Ligand SMILES: NC(=O)C1=CN([C@@H]2O[C@H](COP(=O)(O)OP(=O)(O)OC[C@H]3O[C@@H](n4cnc5c(N)ncnc54)[C@H](OP(=O)(O)O)[C@@H]3O)[C@@H](O)[C@H]2O)C=CC1
Ligand SMILES: O=C(O)C(=O)[C@@H](O)[C@H](O)C(=O)CO
């Protein structure tokens, strides 16, 4: 399946859907990423925190597909926000992956209470100048964090990767990203396979379009201008999750899915203003 692309604000292209790799690990993880690649995935999302950088790099090599066809993303852990540490970590991550550059490198969480994310952003800017990353962006940034790095460095991220699924639709932050010409990626786009997929609105649409519930939710993301990165280690799910470019939901149906949103809809209550990373 050939996945279409979108244009980033720095002129590079990014696939409209990618593979998340949180909890894909080890030898079996290599096979799981490889099956996704063989199925057409080119955007592969990893992070130092996932312990999957090595296996994602290995799957790329085993695929035999030229490096240039991939769009590889990794993320900077919070404990490396100091400028010098960040630059070293980016190089260490590239070594773990066995790659010479990242297509996209993100600050994983802003950690505003620690308050070093502007330093980290300066390191990403330098890494881009050095050719270690083609594009640079952020994850879990709120508008005030975006404005701070843009004002202090003059460089706008290409992507803000944030939690989005039908229980947490992020209407306001989507608009804020758009206003700044930043594309939005959705993490946990399927709500980690929770009860979202059993909601009647979703199951009715699944019947109407003869698409499964995951495909309905992923199509909803794409039509909202969002790039979802569903994780799946299951070959059938991987295949189904990219088969979403041959049908369209109506704007009423998009609104109906939006209405599933809850004020406390985050999966794990990970508020970027308070969330501390796990190591
Ligand atoms: N920047 C950040 O802070 C964060 C980034 N992420 C990134 O986002 C990615 C995706 O988020 P994640 O939290 O993994 O959750 P997802 O919403 O992608 O859900 C993954 C779960 O859904 C199941 N699943 C996948 N496809 C289907 C389908 N078609 N039908 C039913 N179930 C399905 C998977 O099971 P199975 O494997 O069996 O298919 C798995 O249990 C991560 O892997 C990671 O790369 C995640 C969290 C935070
Ligand atoms: O998966 C990620 O990218 C994270 O940032 C983690 O916080 C993850 O969401 C998690 O829930 C760890 O418990």
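Placement of Cβ uses the backbone N, Cα and C atoms for every residue, glycine included.
Because TrEMBL annotations are produced automatically, they should be read as predictions rather than curated entries.
As given in TrEMBL:
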ACT_SITE  50  active site, proton donor
BINDING   108  substrate binding site
DOMAIN    16-261  domain 'NADP-dependent oxidoreductase'
SITE      75  site 'Lowers pKa of active site Tyr'
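Where TrEMBL records a feature, it is marked here on the structure.
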residue	record	DSSP class
50	active site, proton donor	helix
75	site 'Lowers pKa of active site Tyr'	strand
108	substrate binding site	coil
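With the fewest other C-beta atoms within 10 Å around its C-beta, 108 stands out among the recorded positions 75, 108. Distance from the CA of residue 75 (site 'Lowers pKa of active site Tyr') to the CA of the residue listed as 'substrate binding site' is 5 Å. Per-residue pLDDT, averaged over the domain 'NADP-dependent oxidoreductase' (16-261), rounds to 98. When the Cα atoms are compared, the residue listed as 'active site, proton donor' and residue 75 (site 'Lowers pKa of active site Tyr') turn out to be 10 Å apart. Neighbour count (other Cβ atoms within 10 Å of the Cβ, all protein chains): 20 for residue 50 (active site, proton donor).
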